[in-house]
Amino acid sequence: MAFDPVQKILAIGTQSGALRLFGRAGVECYCQHESGSAVIQLEFLVNEGALVSALADDSIHLWNLRQKLPAILHSLKFNRERITFCHLPFQSKWLYVGTERGNIHIVNVESFTLSGYVIMWNKAIELSSKTHPGPVVHISDNPMDEGKLLIGFECGIVVLWDLKSKKADYRYNYDEAIHSVAWHHEGKQFVCSHSDGTLTTWNVRAPAKPAQTITPHGKQPKDGKKPEPCKPILKVEYKTTRAGDPFMILCGGLSYDTVGRRACLTVMHGKSTAVLEMDYPIVDFLTLCETPYPNDFQEPYAVVVLLEKDLVVIDLAQIGYPIFENPYPLSIHESPVTCCEYFADCPAEVIPALYSVGSRQKRQGFSKKEWPISGGNWGQGTLSFSEIIITGHADGSIKFWDASALMLQVLYKLKTAKVFEKPRGKEEKSSTEIVDEDPFAIQILSWCPESRVLCVAGVSAHVIVYRFSKQEVTTEVLLEVRMQCELNEVESPECGGEQVSAVSTPGTSSSPQTSLPQSHPSTSSNNSSDGLRDNVPCLKVRSSPLKQSPGYQVELLIQLVWVSGEPPQQITSLAVNSAYDTLHKKSCMSGLSNFYSESVKKLRSSYLSKSHGTHQRSYARDNSFSRSRSSSVTSIDRESREVISSFYFCDSLSKKSETVAVPSLWVGTSLGSMLAIALTVPSTPEQRMQQPVGVSFLASPTFLMRLKGGILRMAQLDASGTLLPHVYESWYEPNAPEEERERPRRRRPTSPPSSQENPDCQYTVVCSEKQAKVVAMPSQNCVYEHNITETSFVLRADVVTMTAGVGIACFCANGHIMTLSLPSLRPLLDVNYLPLTDMRIARTFCFSNQGQALYLTSPTEIQRITYNQETCDNLQEMLGELFTPVETPEAPNRGFFKGLFGGGAQSLDREDLFGEETAGKASRSLAQHIPGPGGMEGMKGAASGVVGELARARIALDERGQKLGELEERTAAMMSSADSFSKHAHDVRQSPAIHHDSCFLK
């Protein structure tokens, strides 16, 4: 990490060569080194809008931060030595680079060229030493004397090097390896952290032994012996204050007997020592101070701690050291992301509603101060539509993110695990769980933005339905529905065309052939692990009352149960519809011959309605087709296990004779089959309580169409080719009193009436892994067909709305992103974007409206992309500015006595010392200079900006003032001489005879 104390900008480097730059909330930038090597160190050119990065491939790079998209200006690749440490003094253009061989090279950051001045390891250490001191682990100049350089070697040797005389002034030896060094601001003492958990404090002029040696976490023996060794102290920082004791902050150094203890940051202030436990291992930390000058009181006010999976900022000014509330979306990975969905062009009122309930979830105990990393300015451009990203996590949590800007913002967090009982230990783990780790992990999400109904499916074969409410409610008993599915059972359809309904009351069981679900109270009992596990779910529902805060509240829980000792199948598809009050989910199925019976069986147990706290479940058996099926269907029976891959609720004209659209469910399978199922849905809540929900197959023949590959996406267009929106019911407050509740009517898409010449008034769009088809309805004629790929297959397909129309967006396994127009299926775009190298990409890639898409590049990072020209044109305006013109604070006043007796900071003319005229040129084979693609003239163009000009103008004014003072003195002297001359001339005029006489005598 690195921090610019004037610009208030934080930079973080990653193992993959990425740079993350953070300013105030909403100002963030992502950059990537082409090599992909790990970033080992970062150094800001303070208040100059530039950053130096050192990588593990022994290269250093200069970044220009004065443009919205930072770019590399220069690069330098070392060929013969490995880089281990870098140091850039404040307001200096000379970068010290330490290497694994123990040498120190000096780089001019303006030209990125090496100086001929080199500090060799054999000259730095004592000549009598017979061993190599190891790599350079620390470099820093004395805060009060820039001509003295402190060099720390891994073996435990520290050298104070005089840059002018090119020799070592003092050498400090310790038996343990050194990890870091920190100066006191007065330059008279420094502290070293060692591998045995000790801190040694040295006086600069007393190299014989440390002035103090402490082991912060070591047990002090009573007999006065040396404390037992502890773990290494990886880093220490020493910061002073004007009004009180200094701060000594360190990470590591814990005792070896603290097995299993989490990583800690230790803050030592005066006589108090605070040990702050972190959730993840500490990667790095740095202290934020009021002044950028190292020779002034530092006045630390915060500590930034970079963890493996988080970023924490600690407030040092408040008692108890509370943390600041992090405004950045780094918490996306506090639990691994298992699925995500992307919704663009959402209803305008959804984001404020989620933010309203999410703002009440904020934890207590945060610092009351403003976020200290406050640099940069927001971008001016914005999107004309709102975007929401929903992520499901391994711990069962769900997060809603506002993605309308370039930076994600958490809106609301939902914890689904609260519904279930949690085992207190491994010994209490239920024998019915089908996953060893993360039993509450989210697998599939289905969300209706208009009605705000959320449905989630988990890995433990459970489904939870949530409704959004602004009121708090306490649920005494959770409604649980259990379902069992026998996949190998073949149920022969009965003859006849009539529809049969069976209504089951809660608590009653049905025959094994129909496998109807049962309603249970929340106190579920599991069978003994020794006996046969049968008719029990994988998870145990909590028995105590559940207090549900405003936001998403549980309405229904569905669990698949064990059958004859066999665990339930994983849920592969999920769809929810608010207008029909229906939910559909599907597991694997065997053979197409079982498709009809199994589908109907699932449908019987899936359509649920609720009114006045009572659920009635309605089931229907389809008898519209005979036992004797066609040979084509019989041939399909020999196929391997088939999976339902997609669902789609709509009002459709699925029968050729229909003139009015009816509620339907379209089902797509992994073998490319699609069929339509009619839903008989009562129109009013009162009728819903009295009449069952019926299902029947619509099309004749049964399959509407067959495509190559599994069905991925289905949609509906009207006669003009406009996408018909899905049927939904607008949101209403479910916990409002009955007399105040006005339940809105459901919204149905409207289609223009068909004419006699063209009776078709709808188009059905179906996209599979290989091809796409557009079928006119109700005639069922295929009007357009397109083979998307022959050599690969489509991983994700979505029907999206753009400004200019509707299209299909596809992401293929070969990395191509393709778009097709609708309804003509004409190819519009084919870009080789990203080859499939990780199944995480295949699992999380998704498209949304307005040309937006996203996927997970790693377990911790979401990548958003756009193929919309309007967004691309607006992107530059949306980007924030990292660099803002700010004047550098004035240097600390030396005081009268220090100025009189020379006790202040000593400056150094590094240009005269390291320049080519004095030091000569470095070996060309040592490092190779690579011009960067920054598109600017060079470092002078970056570092000689507004702030640099201000500093130079101030210096010029000082020089001008000095010259004016000298001119004034010379003018005064001339005036004094003129006065003297005038006086003498006046005296001459008073005695002319003498002069005359004198002349005459001559």
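Residue positions begin at 1 at the first shown residue.
Including glycine, each Cβ sits where the backbone N, Cα and C put it.
Each residue of the compositional bias 'Basic and acidic residues' (220-229) gets a DSSP state, and the totals for helix, strand and coil are 0 helix, 0 strand, 10 coil. Per TrEMBL, compositional bias 'Basic and acidic residues' is recorded for 220-229.
According to TrEMBL, the feature compositional bias 'Low complexity' maps to 504-529.
Residues or ranges marked as domain 'V-SNARE coiled-coil homology' by TrEMBL: 935-995.
Per TrEMBL, the feature region 'Disordered' maps to 210-229 (among others). Counting same-chain residues at least six beyond the ends of the region 'Disordered' (210-229), those with a Cβ under 8 angstroms from any Cβ of the stretch are 174, 189, 196-203, 250, 253-256, 266, 268, 273, 275.
Positions annotated as region 'Disordered' by TrEMBL: 496-534 (among others).
Annotated region 'Disordered' per TrEMBL: 734-760 (among others), in sequence order.
The annotation region 'Disordered' is assigned in TrEMBL to 983-1002 (among others).
What TrEMBL records for 171-205 is repeat 'WD'. Look at the repeat 'WD' (171-205): DSSP puts its residues at 0 helix, 20 strand, 15 coil.
Outside the repeat 'WD' (171-205) by six or more residues, the chain places 125-126, 134, 137-138, 140, 142-145, 148, 150, 152-160, 211-218, 229-238, 240, 246, 248, 250, 252-255, 294-298 with a CB less than 8 A from a CB of the stretch.
Taken as a whole, the domain 'V-SNARE coiled-coil homology' (935-995) shows an average pLDDT of 52 in this prediction.
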